[in-house]
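Peer 1: This structure is in structure tokens; I'll ask about it shortly.
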């Protein structure tokens, strides 16, 4: 019996912007119902990895698949498999929180009753008085909660997170991590790009260090190979020079 | 609901929630309604006035007492060009060229040589008519409502958000097209309602109306596509606004003002004074019927005597003075026709240059289309002038013939106290003279005249669509 393919699968991926080589043989697999944190220094290729998964950049060589779909060949098809939470959440300021969620979910082919949307907003931590306010006056954290609610409501096999806890206080970070764990528990493959090592250690099942466009080190959250946060932190502080 | 309609719906929701956009749209609708109402009232009032004046002028001509026919030649006659219903939509050059003429013997109406003819196709900027609103104001509204449609999404990162929900570039662009297209239809609706009212009037021709409707549809569609192409190509909505306002100013205001001047400079036209002086000079050289030594009229006299087999003009069975009048009218008319022909040829070259400028300005193309189909362009004015001149010539020659056949030479040259009475012919002759009836062009002729403008607008639309297709492929790419 063959093991099902991981919803996020990257094999020997090479990608360059002109002469600048960004990904250089990157291989990574994120199985269903798991969270992988992708760490690395600035310029290590984390954002490019997400962009390649989202089909916004095309790889030079190697294999990349989102739930079996090559985002380079079928970006629209790949995106339909993904819920994505960018670092700087972009939403529509002329719409209320509920309208934003309703519009984005409808675009992705899903219709939810208002009750389901407000439940998700509540689950994301947005207070009920903000549900029907336009986003013009929302803080970054409030916008992020709306985006999280949309991501929670989307029934997709892949969730990509780009610096999700950036700018959040510890309490909000803990709440967020709980939400991500809940998403993972319903079978979603979660890839989280972050600089927040503590948060990664708190929520991730696996942690991967990206260095010069390839995974230099991977560690499990449990078992004999489970990672040591202190050791990882020390290595991270050293500029990502991680020994294999 | 499909993605295209969802995206269009959100774009329209944004416009509705933007008070500036709503106010601008309401202003456009009000402006159009005022333009339709005022043009309609103006056209009706003018048409009634012209009909009344034409009837009064005909009645005054017919009511003349017994008179010498040559006095009637100089009594003259006013004629009026009836306005077609489409003149209410696009009066074209009508307000500047006028539609009434005074006709008399020995001279053509110098309206044929007026300075107003200088590149008269397109300099008529600024009249508040439904055509002006659609040509100039509606594109500006579309620019202000649509400049950010795609640039704003790119700038704020929401374009990727749309794509991340599975919307393709094509779906995003088609959604925006649908939204701005709906706005364009709504913006053009009041003018089209006015147009439909016009269509209900007697004399309205279906083919030119369809041509006009198709032309404006293509013109507004062109602006919608062009706005979205620019919005997709630039990175910031501010830049899109700047580019589009500049484009609007150049295409709809600047070029239509400049091109007629360029045409005027390229093909100079004599002004009225120069023409009058040149014609007077030529008339002096043409011959003097009162001079017995004038070679042309001496030869003419001999030719007449030979034809009737007599040796003295007193022995002719017809009044020689009437025959001289006919010959003089033939000569002067030929001279005027030559000047008019030269002038028309120069104007045709000017107008051809201006029409060619439609390639760089769709506003020029839609104006030529609109005026040509409405019959209010220079060709329409020229049609009136040519029919008026043909009528004048026929009328004067009928009167000259009446003098030749109805007044004897002896009476015509007599100077006794009772001679004046004998020289007159019966008043019933005036009523027998035909009235002027302007024959308008057929619907197919008007539509045919508008076709080049329509082709240019459609060509622009096709080019803009290609540009948008190119921009769509690049939409959302990292630049």
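From the backbone N, Cα and C atoms, a Cβ is placed for every residue, glycine too.
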Peer 1: Tell me which range among B:205-234, B:265-294, B:295-324 TrEMBL lists as transmembrane segment.
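Peer 2: Result: B:205-234 is the stretch TrEMBL calls transmembrane segment.
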Peer 1: With TrEMBL as the source, which of B:131-150, B:151-170, B:331-350, B:351-370 is set down as transmembrane segment?
Peer 2: B:131-150
Peer 1: Taking pairs 6 or more apart in sequence, does the count of Cβ pairs under 8 Å between the transmembrane segment (B:449-471) and the transmembrane segment (B:20-41) hit 3 or more?
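Peer 2: Stretch pair does not touch.
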Peer 1: Determine which recorded stretch among B:20-41, B:131-150, B:177-199 has the most C-beta pairs below 8 angstroms with the transmembrane segment (B:241-259).
Peer 2: B:131-150
